[in-house]
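> Handing you this structure, nothing more for now.
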């Protein structure tokens, strides 16, 4: 693990000392080398055991795909932000890149730590660089409001989580994930233990986000710069799913009743947020609401606590991370040219940018989980595990899948077909840089279709 963390730290002096004319190229090449270096973590993750750098850092089949995704997205964020920061002075460009690097470093350490209190500290530390991105490099004045929502929603769930972890430590004398997995804490179905579970899971449910606790997400996505939207959708939401898996694997309720309220909200959220997406007129807002529906499936799966469900949850988190990041990149290319997020003003773009139309088609097909994408593998695995838990869930999950396909087709047809708006007289052609970003999103998904066992396996570790 240190062979990934140390080069990431070294990227900070590289950014501060390189020549102004070589800033983007130097940081991009360095971060791309780190992402390629991280791919070797796949090999030990194929074995159903933990691999340790030291007694504080480890990787396993749950954390490795998320670590690699964090490393993979950093150069894409730098690449996608070049045009957005072109008018900024050099010092702010350096600050932005350093903020991105620090966020990557915090994410790697969060996914690899073996101590729950250290996990909590790093989990909260990711808030600071993300908040800086939204409030400093956001697009409109509403970014301050979005940053406030993001800050207070996250902090609202943090204090109960800290109290729950300190309470757990007072009972077990250890917060080491390794120790607690060897002898999981058996909790009876009492009022006190139910309150402990609510306190422990609230922070992760807000981060996912669970339906009802999701109001910060559309605001943060819409107001964030392209790099902020990419990292929010691809990685930061997955911190919630990873946290639930970690908490669930170290404690064991004798009754599943305390999970029912979360399960009901997660399943109901799949339907409700999909219907909200159908009514959206704002392209970026539509893409921002979509993760709430997909993460509802992940939340419900992780709470069933079966290996099958954990496998589907990790698969869908990786698939959705790449897909939603790709959709935000496509929306950004359109926003830069038209300067409007309204769907009615972005019709028939296929005529003006035919190659971008191809990327829109591929992104839409993966978002609606068309075979043989890994999105379908994840969704089918989760739907099967939920059906095994309760037969009636097939009605909700099946309906959610249909509505997801409907709003994705609505998004694609609204942006690519129809009448060309009269106000568009001239259009900047697409650039090689933009096509490279799209390619680097699609390529991992295509490779994982051919070798899905890299992110599959007995994930109950």
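Positions of Cβ are set from backbone N, Cα and C atoms, glycine also.
From TrEMBL, here are the annotated features:
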type     : residues : note
DOMAIN   : 1-110    : domain 'NADH:ubiquinone oxidoreductase chain 4 N-terminal'
TRANSMEM : 23-43    : transmembrane segment
DOMAIN   : 114-404  : domain 'NADH:quinone oxidoreductase/Mrp antiporter transmembrane'
TRANSMEM : 150-170  : transmembrane segment
TRANSMEM : 195-217  : transmembrane segment
TRANSMEM : 224-247  : transmembrane segment
TRANSMEM : 259-278  : transmembrane segment
TRANSMEM : 285-303  : transmembrane segment
TRANSMEM : 309-330  : transmembrane segment
TRANSMEM : 351-370  : transmembrane segment
TRANSMEM : 390-412  : transmembrane segment
> Below 8 angstroms Cβ to Cβ, which residues of this chain, lying six or more residues outside the transmembrane segment (351-370), approach it?
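Sequence-remote neighbours of the transmembrane segment (351-370) are 290, 319, 322-324, 326-327, 330, 333, 376, 378-379, 401, 404-405, 408-409, 411-412, 415-416, 420, 424, 427, 429-430, 434-435, 438, 441-442, 445.
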> Please check if the transmembrane segment (390-412) comes into contact with the transmembrane segment (285-303), where contact means 3 or more CB pairs closer than 8 Å and the residues in each pair are separated by 6 or more positions.
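These two stretches do touch.
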> Counting only residues 6+ away from its ends, which parts of the chain sit with a Cβ under 8 Å from the transmembrane segment (195-217)?
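Residues packing against the transmembrane segment (195-217) from afar: 123, 146, 149-150, 153-154, 156-158, 160-161, 163-165, 167-168, 187, 232, 236-237, 239-241, 243-244, 247, 251, 253, 258-259, 262, 265-266, 268-270, 272-273, 288-289, 291-292, 295-296, 298-299.
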> Going along the chain, which residues at least six beyond the ends of the transmembrane segment (150-170) come within the CB cut-off of under 8 Å?
116-117, 120, 124, 127, 130-131, 134, 185, 196, 198-200, 202-207, 209, 213, 215-216, 219-220, 251
